[in-house]
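Student: Quick one: this structure, given as structure tokens, is what I'll be asking you about.
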Amino acid sequence: SRERPEEAASRSVVCLSSLCPPSASVQVQVEPVGRWFEAYVKRRNRNASASFQELEEEEESSEESDDEEFQLEEYSVLRTLDPKDWKNQDHYAVLGLPHLRYKATQKQIKAAHKLIVLKHHPDKRKAAGEQIVEGDNDYFTCITKAIEVLSDPVKRRAFDSVDPTFDNAVPSKSEGKENFFDVFTAVFERNARWSSKKHVPKLGTIESSFEEVDNFYSFWYNFDSWREFSYLDEEEKEKAECRDERRWIEKQNRASRAQRKKEEMNRIRTLVDTAYSCDPRIKKFKEEEKAKKESEKKAKAEAKKREQEERERARQAELEAARLAKEKEEEEAKQAAQQAKKEKEIQKKAIKKERQKLRTTCKNWNYFADNEADSVKMMEEVEKLCDRLELTSLQSLNEVLASGSKEESKAAVDKQVQEVNAQLQREREAEVQARQAARSAEQASGGGGGGGKGWTEEDLQLLIKAVNLFPAGTNARWEVIANYMNLHSTSGMKRTAKDVINKAKNLQRLDPLQKDEINKKAFEKFKKEHASVAPSIDNAVPSERFDGSDGNAAPWTTEEQKLLEQALKTYPVSTPERWEKIAAAVPGRSKKDCMKRYKELVEMVKAKKAAQEQVAAKSKK
């Protein structure tokens, strides 16, 4: 017989005489390696001399004997199962493992299959005289399908995902609030089997810490489920007749699996949301967090209040210090003012004394004159000296007068009179020069070119009218005003934009009384021109012509102008007795006044448009 390799390797010394000639027979030391070394170690530990294969068979038989110790539950309806409906059967119950289900090991499944095959195999039953259904219609086919599904890890995983005995129910909020931990602990432990991660956190107790509770809900809100629903596919792609049909079946199956997966994740999310809303620990943590925030808010408010009080105290202290400093400064200023006032009074008295002394001395010398006229003239000069000389000059002059003779005193007085008169002359010349310079500057600012020539009152009135007619914001305003003046001026002078700008600036610097004088002259001229025109007989319809009344010759105010414009909008041309209604809407104005003003406004608008069009034409050129 052929010797096994492991038995040959188990010996530490091997005789190689069969391989060598008899004369060269030797002994060689051999070390076991690999699985032979493992068998050697096991034999040595067990004090056995069996081979490695025999040990493996012994271990398998011992494990099978251990697995045979578990209790099988006979499936009462096994013989009545429909082999064609094998997909809807409970494979664990068919093999007698309904109590173990997904916890059953492969060895237990194989052992259960072995036992149930020994009992329900068709040959066994046929030998016992039982009637056997031929082909796949016998219920033994259900056993074959059960072991086929449960022995394949992929198929078993698919069947476990749709375990018919699994409870997918989610407790309601009312159930959870009554007894939260008893209700939800079992539900989460039941659903933990679907987790892709091995270590699933427990629900815990009422004493669990915030970190444990947060970790639990974080895990379940990010739950990763391995549960899939390929077992429920309605179509089997192996039955497809062509590739297109197989692709269509795969597409349909993927869509149904995705829908069921979505429903499963929604179920898990509903479970976690319900538990979170009913968890008394969450409520407790929220109350603690709220109390903590309230305390922090209160502490913050108190700190802010203290800070405000500190700032207020500091501000009051600063105000008090500023008040004291101000009072001190005012007191010092008051004392300085009093001291200055005293010094001023002293100086005033001294000046008054020196002036009186000068007058008395000059009077005693008869004002150094021989006749009455010279005496009066010298008296005026002495008074001039008293008004113009300072205290030191008066004192020096009085000293000379007191110590000198009449001739010396007269010479001293004449000298001072000459100096004072020379100073007065210089001041008058400086004033005249300043006036001339101001007049020259005013004339120079009147503009060059045509603006250098004189502006008549009519030109000034026309300029004021144009400035009011074309307000700020008008396109090319000053060119338009200059063009308007050139069109309506009777002086024949051509004004440029620079001329009218300079003259407008000069008018702005004028005294308001001068402006009023210019406007008054313009109005008087207007009144005179209109009064000189002979009244013409008008027999037209009163509603469209002036009536015979003289009207109100006063200028129109801004308020009357607004009322007139509003009345013109309110009563259009088609309104009967239009001008009577417009005159009634403007208090103090007659029908004739309103019509005249309307005509003036129309002329002004036309002139304004003509000036603007002319400026626009020039700019295009």
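Cβ atoms here come from the backbone N, Cα and C positions, even for glycine.
These numbers come from a predicted model, not from an experiment.
Sharing the record's features from TrEMBL:
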| type | residues | note |
| --- | --- | --- |
| REGION | 49-69 | region 'Disordered' |
| COMPBIAS | 54-69 | compositional bias 'Acidic residues' |
| DOMAIN | 90-163 | domain 'J' |
| REGION | 288-315 | region 'Disordered' |
| REGION | 428-453 | region 'Disordered' |
| COMPBIAS | 433-444 | compositional bias 'Low complexity' |
| DOMAIN | 455-508 | domain 'Myb-like' |
| DOMAIN | 548-602 | domain 'Myb-like' |
| DOMAIN | 555-606 | domain 'HTH myb-type' |
| DOMAIN | 556-606 | domain 'SANT' |
Student: Which numbers of helix, strand and coil residues does DSSP report for the region 'Disordered' (288-315)?
Tutor: 28 helix, 0 strand, 0 coil
Student: Taking only the residues in the domain 'J' (90-163), give me the average pLDDT of this model.
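Tutor: Mean pLDDT for the domain 'J' (90-163): 89.
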Student: What counts of helix, strand and coil residues does DSSP assign across the domain 'SANT' (556-606)?
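Tutor: DSSP composition of the domain 'SANT' (556-606): 37 helix, 0 strand, 14 coil.
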